[in-house]
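Asks: Straight out of Swiss-Prot:
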| type | residues | note |
| --- | --- | --- |
| TRANSIT | 1-30 | transit peptide |
| MOD_RES | 42 | N6-acetyllysine |
| MOD_RES | 54 | phosphoserine |
| MOD_RES | 66 | N6-acetyllysine |
| MOD_RES | 81 | N6-succinyllysine |
| MOD_RES | 92 | N6-acetyllysine |
| MOD_RES | 95 | N6-acetyllysine |
| BINDING | 170-179, 203-205, 317, 328, 385-389, 414-416 | FAD binding site |
| BINDING | 179, 227, 228, 282, 289, 290, 291, 292, 412, 413 | substrate binding site |
| MOD_RES | 191 | phosphoserine |
| MOD_RES | 254 | N6-acetyllysine |
| MOD_RES | 254 | N6-succinyllysine |
| ACT_SITE | 291 | active site, proton acceptor |
| MOD_RES | 322 | N6-succinyllysine |
| MOD_RES | 358 | N6-acetyllysine |
| MOD_RES | 362 | phosphoserine |
């Protein structure tokens, strides 16, 4: 019953958004109940703040927060040791309506709006539990199928992915090709009407548990540029020649399964091609801004979590006969952190609004990802410092947040690549 009510509220929200004025108008205080922005909120993680959200989003946020408190946080330490979350969690998330939120209902998704999706990103960050790969599955993998897949592909995979019964991954990165997607060596060659796939991928999130992987492969080495010869393929777990390597032992995100994948003469039917042949690079460029916005929102939400965790600590910890929070240097550091967090939150929220109306460009998404992920690492460093020796202990949440933050400037395109993309727009004549 709870899940059905949740789905209904999301559908109502989606229907309302079609008749509402544009986001810029909805953000004005005139004629609407004023909502606090993060600088004025009692806590940066409070429910009911930020003008981009509505009361329906607040109701949804409460249910998502409860889900993470009851179904994720109590088991996360166990999953960190296992190097993966349970498949049961995925199906629970599906029943709760937390997967495929922004995928159209006609395709088998929930049919909610982008801001509802953002709620799930933020609440996972507030839980300090990086294990569940829900956002990659729902908001990176599923859109490729929904946007470029055939009717048969959509009907076969989207409903199962929304239910958490089919876990998705995307395989771009290779041992010799990370941010340089044009350096991909994994290839697919025609064999009659089929394709023969060979190659390897590394650092694949959800790779170990995955039931379906979108694989980036070269299909035309004679193309005028590598970008013109890349295609996407849907590879299912269990296909002959598809081998999952070991789970990789990472510095952080220890409960998030990350694997190597190998493809040895995997025979794929023609129906495994996703979209048009040799158009894969363009599909990737089209979808990457959402991935970078996702990383930015996760990053600033993690900053908000770390700030509140640290504020609570320094208000309780005593030194020199008073709480650490009453030491002026600590107060100044907290003031700096909160100011930077609130400024970045305002920018990320503006990017969420732009993306909700399909107006977020690559450079803006790159700015958000670059700035927010750098700030996340700065905040993590300073918050550990404010915890003193206890911040170095794994039992303290800030220690885990510190190591989890380090990958944010690396994946989704390194921050050095983000600067290249931003600079390209600056100097472009068009």
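Here the Cβ of each residue, glycine as well, is placed from N, Cα and C on the backbone.
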Asks: Rounded to the nearest Å, what's the C-alpha distance separating residue 388 (FAD binding site) and residue 322 (N6-succinyllysine)? Just drop the number here, would you?
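Replies: Given the Cα positions, residue 388 (FAD binding site) is 16 Å from residue 322 (N6-succinyllysine).
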Asks: Could you find out if DSSP has residue 291 (substrate binding site) as helix, strand or coil?
Replies: helix
Asks: What recorded positions among 205, 254, 289, 322, 362 are found with a C-alpha within 10 angstroms of that of residue 81 (N6-succinyllysine)?
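Replies: For residue 81 (N6-succinyllysine), the recorded positions whose Cα atoms are within 10 Å come to 254.
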Asks: Work out the three-state DSSP category of residue 170 (FAD binding site).
Replies: strand
Asks: List every residue in the same chain as residue 42 (N6-acetyllysine), at least 6 positions away in sequence, whose Cβ is under 8 Å from its Cβ.
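Replies: None - residue 42 (N6-acetyllysine) has no non-local Cβ neighbours under 8 Å at 6 or more residues apart.
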Asks: For residue 228 (substrate binding site) and residue 322 (N6-succinyllysine), what Cα-Cα distance in Å is obtained after rounding to a whole number?
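Replies: That separation, Cα to Cα, works out to 65 Å.
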Asks: Helix, strand or coil for residue 42 (N6-acetyllysine)? Use DSSP.
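Replies: Coil, per DSSP.
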Asks: Determine the most Cβ-crowded residue among the modified residues 92, 254, 358, using a 10 Å radius around each Cβ and all protein chains in the structure.
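Replies: Answer by Cβ density within 10 Å: 254.
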Asks: Taking the Cβ of residue 415 (FAD binding site) as reference, which residues of that chain separated by at least 6 in sequence fall under 8 Å from it?
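Replies: Counting only residues 6 or more apart in sequence, the Cβ neighbours of residue 415 (FAD binding site) under 8 Å are 369, 370, 373, 374, 409.
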Asks: Just to confirm: which same-chain residues, 6+ apart in sequence, have a Cβ under 8 Å from the Cβ of residue 179 (FAD binding site)?
Replies: 413, 414, 416, 417
Asks: Among the recorded positions listed here (54, 191, 385), which has the Cα closest to the Cα of residue 291 (substrate binding site)?
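Replies: Of all the candidates listed, 54 is nearest in space.
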Asks: When DSSP states are folded down to helix, strand and coil, where does residue 191 (phosphoserine) land?
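Replies: Note: residue 191 (phosphoserine) is in a strand by DSSP.
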Asks: What does DSSP assign residue 66 (N6-acetyllysine), in three states?
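Replies: For residue 66 (N6-acetyllysine) - judged by DSSP and reduced to three states - the answer is helix.
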